[in-house]
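Working notes, structure below.
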Amino acid sequence: MATTSQLPAYKQDFLKSAIDGGVLKFGSFELKSKRISPYFFNAGEFHTARLARRIASAFAKTIIEAQEKAGLEFDIVFGPAYKGIPLCSAITIKLGDVAPQNLDRVSYSFDRKEAKDHGEGGNIVGASLKGKRVLIVDDVITAGTAKRDAIEKITKEGRHRRGIVVALDRMEKLPAADGDDSKPGPSAIGELRKEYGIPIFAILTLDDIIDGMKGFATPEDIKNTEDYRAKYKATD
């Protein structure tokens, strides 16, 4: 990737890995919202050992930065089913590798879509959430539904949710209830921050992607992505 980007080295490395691995693609993609996006991010493609190490490393650096700058403290890394499951385990291992003095005792947990009624039972797998500070990790926040479900499950256990870290913040406003996308509006991340009062961090934002694109992408892809940001950027 060219050196014109102002992104920190680990963000540049993550962005390049996402593009080279087919995780981040440019073109024309219809989203669940029916919007036509010029880019698409699918963290499920981080399935090779090399790419899994890259995403775990980028998450770990983002989390440690959040600890240093925002005082983020946690005992458990929680991954909502399904994409959050491999993320939480890989991230926990990486945190123990890069900061063993502080994070070697961090555990991970994830949820089942349906509660198990035999064996150990319940819908939480991994470390018990009882009395623990919980950090949620996932790929993106689109409508926020999965994160609300995770927060409610954690709260139901009577535990402390301390924050959320995602791979990508699309910085995109939620679809308007009346279908009029010309109206300004908040993002799903902004609404979650407001509703639950918890910090949310991202490895990359759409602004980061556009900054990084200038080192390698075609002028058409850059313009399409900038136009999409201008049309759908959230107010928060």
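Every residue number used here counts from 1 along the chain in the order it is shown.
Just so it is clear, glycine is given a Cβ too, placed from its N, Cα and C backbone atoms.
Annotated features, as they stand in Swiss-Prot:
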type	residues	note
BINDING	Lys32, 82-83, 112-113, Lys116, His118, 138-146	5-phospho-alpha-D-ribose 1-diphosphate binding site
BINDING	Phe40, Phe41, Thr142, Arg170	orotate binding site
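Features recorded in Swiss-Prot, as mapped to the structure shown.
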residue : record                                              : Cβ contacts under 8 Å, 6 or more apart
Lys32   : 5-phospho-alpha-D-ribose 1-diphosphate binding site : Thr142, Ala143
Phe40   : orotate binding site                                : Leu24, Lys25, Gly27, Phe29
Phe41   : orotate binding site                                : Ala18, Val23, Leu24, Asp139, Val140, Ala167, Leu168, Arg170
Lys83   : 5-phospho-alpha-D-ribose 1-diphosphate binding site : Ala43, Gly44, Asp138, Asp139
Lys113  : 5-phospho-alpha-D-ribose 1-diphosphate binding site : Ala81, Tyr82, Asn123
Ile141  : 5-phospho-alpha-D-ribose 1-diphosphate binding site : Lys147, Ile164, Val166, Asp169, Arg170, Ser187, Ala188, Ile189, Leu192, Ile200
Thr145  : 5-phospho-alpha-D-ribose 1-diphosphate binding site : none
| query | Among Phe40, Phe41, Thr142, Arg170, which the record lists as binding orotate, how far apart in Å are the two most distant Cα atoms? | reply | 12
| query | Does DSSP give Thr145 (5-phospho-alpha-D-ribose 1-diphosphate binding site) helix, strand or coil? | reply | helix
| task | Identify all same-chain residues not among Phe40, Phe41, Thr142, Arg170 whose C-beta atom falls within 8 angstroms of the centroid of the orotate site's C-beta atoms; report them in sequence order. | result | Leu31, Ser37, Tyr39, Val140, Leu168, Glu172
| Here are some binding-site residues: Asp139, Thr142, Ala143, Arg170. Which one has the most Cβ atoms within 10 Å of its Cβ? | Arg170
